[in-house]
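**Student:** Next up is a structure, given as structure tokens.
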Amino acid sequence: METIDSKQNINRESLLEERRKKLAKWKQKKAQFDAQKEHQTSRNDIVTNSLEGKQTTEKFTERQERVKEELRKRKNEFRKSDEPVSVKPSKKKSKRSKVKKKISFDFSDDDDSEIGVSFRSKEHIQKAPEHDNEKDPLDEFMTSLKEEKMSNSKGMYDRGDILDVEDQLFELGGTDDEDVEDNTDNSNIAKIAKLKAKKRVKQIYYSPEELEPFQKNFYIESETVSSMSEMEVEELRLSLDNIKIKGTGCPKPVTKWSQLGLSTDTMVLITEKLHFGSLTPIQSQALPAIMSGRDVIGISKTGSGKTISYLLPLLRQVKAQRPLSKHETGPMGLILAPTRELALQIHEEVTKFTEADTSIRSVCCTGGSEMKKQITDLKRGTEIVVATPGRFIDILTLNDGKLLSTKRITFVVMDEADRLFDLGFEPQITQIMKTVRPDKQCVLFSATFPNKLRSFAVRVLHSPISITINSKGMVNENVKQKFRICHSEDEKFDNLVQLIHERSEFFDEVQSENDGQSSDVEEVDAKAIIFVSSQNICDFISKKLLNAGIVTCAIHAGKPYQERLMNLEKFKREKNSILLCTEVLSRGLNVPEVSLVIIYNAVKTFAQYVHTTGRTARGSRSGTAITLLLHDELSGAYILSKAMRDEEIKALDPLQAKELQEMSAKFESGMKKGKFRLSKGFGGKGLENIKSKREEAQNKDLELKKNDKRSDDLEKKISNPREGHDSVSESSALIPRLNYELFKESTDGSIIFYAKVYINDLPQIVRWEATKNTTLLFIKHETGCSITNKGKFYPEGKEPKNENDEPKLYLLIEGQDEKDIQLSIELLEQKVKEGVVKAASLSLKSTKY
């Protein structure tokens with residue numbers, strides 16, 4: 001029995017133990033469940049609170065909107081009020097204290113700003129109760145926000161701050177709400193416009209009283225020159241490469257440096273240090289003309305000494321003027337160049353003449369160089385600035401135009417002027433000229449003289465003298481022209497390598513001969529330049545030549561400026577080196593040792609060929625220019641056939657000469673049919689022949705159709721697909737010139753110029769082009785003149801019946817300068833011609849098939 005009882009007790013205890021464990025587990029699970037429930041409850045409370053806060057915020061936003069609406073109503077009441085709101089305390093004594101209600105609210109999206117806005121109406125000021133015990137809940141809430149955010153309210157004005165400023169000014173008496181809003185909007189618009197606007201130079205109008213007089217004429221004719229008869233002068237000019245003169249009062253040419261009246265130091269520098277012998281043709285005629293104070297247009301081949309022609313008169317004029325004061329930056333002389341390489345070269349020439357004279361300082365301002373150093377040098381004062389147009393515009397617009405003053409500029413030079421216009425610098429040059437005094441002396445040098453440049457010279461220069469050297473052929477006679485016709489790119493590259501190897505073998509033979517002679521014989525230095533048409537071709541040819549064991553100095557605009565400068569210095573320093581470059585250096589690069597120029601890619605214009613071949617045979621040296629032509633480069637063959645002299649063609653291989661003539665004839669025939677045409681560029685000897693032929697054809701057509709209307713004649717020319725592009729050019733030539741009248745009006749002491757350009761009787765397509773919005777906006781932007789349509793169109797045979805009727809259709813151009821009016825008319829004619837030619841081209845394409 002005891003055993004049974006003991007077993008039962010053990011079972012009970014084990015059962016109780018199991019129940020206790022289950023109870024403990026249940027309590028543990030319950031505790032976890034309670035904890036989770038409590039956590040969920042707290043999360044629900046947070047969500048509830050956030051929703052309540054969101055509702056509170058929405059209510060607050062609604063109150064803000066109501067306050068805004070109330071403010072707008074109050075503003076309108078103030079504006080409609082006949083009497084202005086008094087902002088000063090009333091002079092009448094009142095026993096009741098005036099209480100001002102001030103409503104403060106926040107428009108900002110963040111919590112870092114505070115805006116307080118207060119308005120007081122007339123009724124509030126005069127009829128305010130003595131005590132206002134009622135408190136607006138919104139006032140209390142906003143006041144608390146104001147106290148909390150007071151420390152963060154000292155920032156920049158945002159949208160809400162504008163209202164705060166308005167109220168403060170309103171209470172102080174006297175600023176209208178609209179004025180504040182308008183001023184703020186205008187300031188914002190002005191800032192945006194300033195960021196987006198292009199850099200434009202302000203035109204400066206000088207009165208005669210504020211301009212300091214200066215001397216232009218320094219030339220005294222020597223007895224030897226003055227004793228020459230007119231016949232002797234003609235013979236001398238004929239012997240000096242057939243000098244052609246246009247203009248009146250041109251001085252006689254000189255033949256010796258001593259006839260110019262130069263100082264002893266300058267004579268020693270020219271003859272002994274620089275080793276200049278006799279004068280070149282352009283120097284013989286240009287130096288006396290410029291030293292006489294005349295504006296000069298010099299047209300001469302490259303490498304003919306044009307730099308000295310304007311540099312000596314410039315230095316002489318600068319030294320004769322009053323020195324710069326401490327507060328004057330200068331300059332007195334300005335030289336504009338198309339490329340930084342040419343500008344640096346001119347600056348080096350200036351330095352040669354001024355390094356011994358501390359009274360004349362020169363600064364070179366070009367793109368790609370550090371502007372900080374240029375600004376520092378300009379602030380110290382400088383007498384001469386050599387610059388590219390773009391960088392000079394940048395300097396003129398710095399610090400609102402206060403960095404540099406153009407008031408003292410009396411001498412302006414444009415070197416390689418045709419290249420300046422070819423690169424599109426005409427607007428910049430026009431802006432620069434508007435800042436310079438009108439009585440300046442202006443000199444323009446170029447290798448070619450296209451119509452666009454001629455038009456600019458007429459506007460800017462005063463009674464200029466035009467000096468043309470060797471006008472019948474612009475290619476330097478010291479350049480021996482050759483060519484090779486290839487039938488593939490690989491063959492052309494093989495010819496290039498062969499030419500370089502032949503050149504190296506020739507130098508080796510010459511050097512071996514010199515080694516057998518006296519040791520005093522200098523080593524031959526004959527450099528070569530290879531011109532290509534693009535940056536990619538330049539890099540490709542450079543790598544291929546390097547693989548062939550030929551090292552070159554490669555230069556193009558895609559390389560960093562420092563790398564270009566290092567390669568150029570290496571090319572100048574090393575003997576018999578080879579420069580590989582694009583056409584960017586076809587002008588202005590002066591390396592006298594260059595004896596060979598290889599044109600790897602055929603040039604597209606005659607002017608480009610002139611300047612490319614002009615890199616060799618500098619001065620009195622001789623050189624060779626070899627063009628590598630592909631069999632399908634017909635335009636290059638045409639240019640070569642027109643540029644090469646007869647004796648050069650006779651000396652060629654008969655088969656090569658025959659193939660060149662066939663390619664040239666094929667291109668010329670294609671031009672007549674409209675199949676081919678030369679790229680746009682400056683005209684040369686070959687282009688003049690085309691022009692004369694077109695003029696002859698035009699005269700014949702005019703004789704045959706002299707009784708037809710001009711509009712019918714133009715339509716027939718345009719709609720004739722047989723003549724192709726040649727017809728287009730002829731039709732553009734038949735566009736009638738614009739008839740206009742120029743007037744001058746003086747009102748209130750100010751002078752206004754205006755012109756009436758009559759377009760009613762012009763052909764319909766001309767009227768369309770003249771009155772297009774794009775045309776008018778372009779002219780306004782370029783000249784600053786106002787141009788508007790006036791009158792109405794009258795069909796042919798109809799006229800205004802009386803004075804009360806509107807006049808015939810015309811364009812009214814108004815401006816403050818007569819030159820701007822003339823420029824506007826020229827641009828209008830140019831745009832009309834371009835538009836008509838374009839329309840004619842589209843007509844040809846549409847009727848081709």
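All residue numbers here begin at 1 and follow the chain in the order shown.
Just so you know, glycine gets a Cβ as well, placed from its N, Cα and C.
Model, not experiment: these values are computed from the prediction.
Per Swiss-Prot, coiled coil is recorded for 13-81. Annotated region 'Disordered' per Swiss-Prot: 28-138, 689-730, in sequence order. According to Swiss-Prot, the feature compositional bias 'Basic and acidic residues' maps to 31-42, 55-85, 120-138, 689-728. Swiss-Prot lists 43-54 with the feature compositional bias 'Polar residues'. Swiss-Prot lists 89-102 with the feature compositional bias 'Basic residues'. If you look up Swiss-Prot, you'll see 90-96 marked as motif 'Nuclear localization signal'. Marked as motif 'Q motif' by Swiss-Prot: 255-284. Residues or ranges marked as domain 'Helicase ATP-binding' in Swiss-Prot (evidence: sequence analysis): 287-467. Swiss-Prot lists Ser300, Lys301, Thr302, Gly303, Ser304, Gly305, Lys306, Thr307 with the feature ATP binding site.
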**Student:** What mean pLDDT score does the domain 'Helicase ATP-binding' (287-467) have in the model?
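**Tutor:** The predicted confidence over the domain 'Helicase ATP-binding' (287-467), as a mean pLDDT, is 91.
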**Student:** How about long-range neighbours of the motif 'Q motif' (255-284): same chain, 6 or more residues beyond its ends, C-beta under 8 Å?
**Tutor:** 218-220, 222, 224-225, 236, 240-241, 243, 291, 298, 300, 304-306, 308-309, 312, 352-353, 356, 467, 469-470, 619
**Student:** Return the residue, from the listed binding-site residues Gly303, Gly305, with the maximum count of other C-beta atoms within 10 angstroms of its C-beta.
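**Tutor:** The most densely surrounded of these binding-site residues is Gly303.
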**Student:** Per DSSP, to which secondary structure element type does Thr307 (ATP binding site) belong, with helix, strand and coil as the options?
**Tutor:** helix
**Student:** Could you give me the DSSP helix, strand and coil counts for the compositional bias 'Basic and acidic residues' (31-42)?
**Tutor:** 12 helix, 0 strand, 0 coil
**Student:** Can you tell me how many other Cβ atoms are located within 10 Å of the Cβ belonging to Lys306 (ATP binding site)?
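**Tutor:** Looking across every protein chain shown, the total is 25.
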**Student:** Taking the Cβ of Thr302 (ATP binding site) as the centre, how many other Cβ atoms fall within a 10 Å radius?
**Tutor:** 24
**Student:** Note the Cβ centroid of Ser300, Lys301, Thr302, Gly303, Ser304, Gly305, Lys306, Thr307, the recorded ATP site, then list each other residue of that chain whose Cβ lies within 8 Å of it, in sequence.
**Tutor:** Thr280, Ile282, Ala447
**Student:** Quick check on the motif 'Q motif' (255-284): DSSP residue counts for helix, strand, coil, in that order please.
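**Tutor:** Summed over the motif 'Q motif' (255-284), the classes give 18 helix, 0 strand, 12 coil.
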**Student:** What are the non-local neighbours of Thr307 (ATP binding site), defined as same-chain residues 6+ apart in sequence with CB under 8 A from its CB?
**Tutor:** Ile346, Glu349, Asp415
